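Right, one structure below, let's go through it.
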Amino acid sequence: DALNQRKKAFHAWIYLRVCVFSIPAKSELKVTTIKQDPYTMSKGSQLEGYCMDLLSELAKKLGFKYKVHLVKDGSYGRMDESGHWNGMIGEVLRGEADLAIAPLTLTAARERVVGMTKPYMQTGISILLRRDIVSDGSACFDFLRPFSAETWFGVLVAYLITAVSICLVARLSPGEWSQPEAGGSPFTLSHSLWYAAGALSLQGPGPHPKALSGRVVSCTWWFFAVILLACYFSNLSSKQDSESTHLMIKGFEDLANQNVVEYGTLAGSSTLAFFKNSNNPVYRRIYEHMERMKSYVSSMDEGVQRAREGSFAFIGESVSLDLAVARHCELVRVHEVIGMRGYSIVSPLGSPMLKNLSVAVLQLSEAGELAYLRSKWWSSSCVAQLTRTSAPHAPGVKGVFLLLAGGLLLGLLLALLELSSQSRHMAQEQKAITGSNMATSYRHDFQCLVLVKPPEYHQRIVS
């Protein structure tokens with residue numbers, strides 16, 4: 001297999017070198033292009049971009065020199081009513097250019113009058129619009145959207161810490177062990193978790209803490225739960241109100257069935273020709289609407305700008321729309337792509353260069369050079385955003401978290417003071433207040449944080 005692959009590569013190289021000698025002997029090829037980011041852009045007095053890099057690679061492979069100029073009328077190329085072509089196609093037909101390299105779509109009308117190489121990039125037709133005027137529809141977990149993921153995580157952590165704090169306070173505070181016949185403190189870890197969950201859902205399962213420290217922790221957690229639920233329902237309501245004005249546009253049929261968002265495409269483009277010549281009733285309705293409203297734009301930049309400004313959906317080449325989404329984070333492209341086609345390089349009809357260029361394009365594709373150029377010039381300037389509009393931070397939540405932390409610390413401090421006070425009181429009753437006895441008392445009390453002690457541990461004799 002490896003030997004066969006080397007043979008094929010060698011034969012292809014021989015074929016390419018033979019084809020090179022069939023290129024017309026010209027001192028310099030005239031190449032026409034059009035400014036469009038990122039295909040061709042100005043950099044000082046020079047031009048750069050995807051097409052310029054591609055042209056450079058082709059020149060290296062085929063061994064020709066070239067001089068690039070911008071198309072005079074700023075058009076890609078279409079035939080007028082009199083049968084004459086304008087734009088880059090017209091310049092190639094009139095002999096004003098030997099090649100045209102740009103995002104020129106391979107179409108039947110153009111193929112009849114000029115030569116077009118194998119496509120160097122695949123594209124289709126899609127829709128570009130603002131992210132905030134379109135809705136993706138209801139999802140299974142929309143009920144989580146009022147809070148961000150960070151807020152939900154904070155609530156979970158606060159719940160666990162509060163439950164553990166209730167358990168610790170109940171074991172530290174002598175007031176929770178005041179009834180020996182009860183068989184010990186009811187606030188085990190499992191009951192504390194259930195108690196905190198009940199309070200968070202405004203159910204409040206009993207029994208409730210009796211000591212001051214436990215009540216401080218419980219009241220703080222109840223206040224936290226009330227504020228949190230109020231913020232949740234407020235954000236949920238506002239989210240539903242804002243989405244009630246959003247449109248469900250997932251494709252061209254949704255676009256044709258609404259009259260809120262205006263839509264249009266590039267005048268004289270192959271995209272417009274696709275809708276004009278289509279027999280699909282949905283596409284015909286879109287064309288008739290654009291023709292009736294004259295909602296055409298003169299350039300790709302104008303279409304992107306109108307989409308950014310407001311209620312306008314720009315219909316264009318999916319590859320170009322992907323670039324707009326990468327550069328402008330407020331824009332989004334719908335998933336539906338129709339009319340798949342390719343971008344090709346244009347040469348005069350019957351030119352001996354046509355076959356050579358097609359072979360070179362295929363070689364660049366197989367070598368991964370075209371994929372590299374795509375990743376180079378389509379790199380996104382947007383940081384990947386989990387749109388905060390879909391997961392807002394509830395107002396006042398940060399302050400409530402701080403208040404909860406303060407309440408838990410206060411409760412634990414009060415429990416320690418209650419434990420210290422009870423130990424001193426019991427020691428005074430036994431007439432044995434010594435540092436050694438106090439240390440033994442504290443050590444015994446803190447062991448209760450790990451092991452559940454019998455109810456009579458508060459009735460021990462300090463010796």
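Keep in mind that glycine also has a Cβ here, set from the backbone N, Cα and C atoms.
Copied over from TrEMBL, here are the features:
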{"type": "DOMAIN", "residues": "38-94", "note": "domain 'Ionotropic glutamate receptor L-glutamate and glycine-binding'"}
{"type": "SITE", "residues": "ILE249", "note": "site 'Crucial to convey clamshell closure to channel opening'"}
{"type": "SITE", "residues": "LYS276", "note": "site 'Interaction with the cone snail toxin Con-ikot-ikot'"}
{"type": "DISULFID", "residues": "CYS329-CYS382", "note": "disulfide bond"}
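Put plainly, the recorded positions ILE249, CYS329 were compared by Cβ crowding within 10 Å, and the winner is ILE249. Across the structure, ILE249 (site 'Crucial to convey clamshell closure to channel opening') and LYS276 (site 'Interaction with the cone snail toxin Con-ikot-ikot') are spaced 22 Å apart at their Cα atoms. When DSSP labels each residue, the domain 'Ionotropic glutamate receptor L-glutamate and glycine-binding' (38-94) comes out as 20 helix, 14 strand, 23 coil, counted as helix, strand and coil in that order. Cβ neighbours of LYS276 (site 'Interaction with the cone snail toxin Con-ikot-ikot') (same chain, under 8 Å, six or more residues apart in sequence): TYR287.
Averaged across the domain 'Ionotropic glutamate receptor L-glutamate and glycine-binding' (38-94), pLDDT for the predicted model comes to 92.
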